Ligand code: LIP
């Protein structure tokens with residue numbers, strides 16, 4: 001039986017190495033855009049691909065029988081029961097523009113259950129980690145602290161993070177949902193990286209996060225970090241989180257924000 005702590009140790013070491021490469025080898029003129037996906041602004045850079053290649057190589061070298069799901073490389077099989085869910089650069093547009101809020105996110109599942117997550121935000125000097133049942137932590141040069149979400153925050157005082165898709169039609173509906181949210185909360189933050197938004201929920205730096213359209217690799221590690229910090233991550237009406245919709249918050253706040261969001265139909269374009 002593979003211990004979550006052992007998977008976490010490999011995830012942290014690999015994410016740190018990929019983050020170092022992404023900082024040190026980022027071309028001064030900016031990374032080459034090598035592909036666009038859902039729209040001309042949904043970009044993939046050469047560095048996304050290089051980082052995912054490094055991550056898969058390092059983990060496969062250490063654990064040859066594992067499976068992978070990566071944003072750039074798709075799904076590759078393995079017989080061990082362990083699957084690694086990888087976003088080599090979450091916040092790719094931020095990385096492209098040399099803005100600091102991007103991260104390397106690596107999650108590990110054992111027989112389909114999330115058991116370890118590591119998120120490295122190199123330009124902030126922050127490493128977020130969680131193992132199932134082992135708690136969630138933030139490590140910086142100043143030390144390591146256990147994370148805990150904010151609980152029972154009244155909506156009018158809630159700082160809420162969110163994000164937007166790339167397709168114009170979806171963005172128009174997301175703006176309509178935002179019209180229903182913004183007057184009823186303290187404020188909104190749009191950072192451009194789902195995993196960093198989830199880390200902010202876990203650290204109590206925002207009170208909640210919601211978004212339609214995040215993929216498994218965007219949220220795999222961050223959702224475990226929120227859960228291990230005492231928060232809840234789910235979809236609407238009791239559904240699990242999914243690309244359809246993801247809501248993350250502490251107890252009390254989750255229910256209040258869900259009640260505000262549900263009538264706004266946030267899980268449709
Ligand atoms: C990003 C997500 C973010 C979303 C962005 C983008 P990427 O992922 O983490 O939540 O709002 O539009 O999709 O593309 O940088 O890996």
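In case you wondered, yes, glycine gets a Cβ from its N, Cα and C as well.
Of the residues proposed, 71, 72, 75, the one TrEMBL records at the same Mg(2+) 1 site as 87, 89, 218 is 71. In the three-state DSSP classification, residue 71 (Mg(2+) 1 binding site) falls within coil. Rounded to a whole number, the C-alpha distance linking residue 71 (Mg(2+) 1 binding site) with residue 90 (Mg(2+) 2 binding site) is 9 angstrom.
Considering only the binding-site residues 71, 87, 89, 90, 218, the Cβ with the fewest other Cβ atoms within 10 Å is that of 71.
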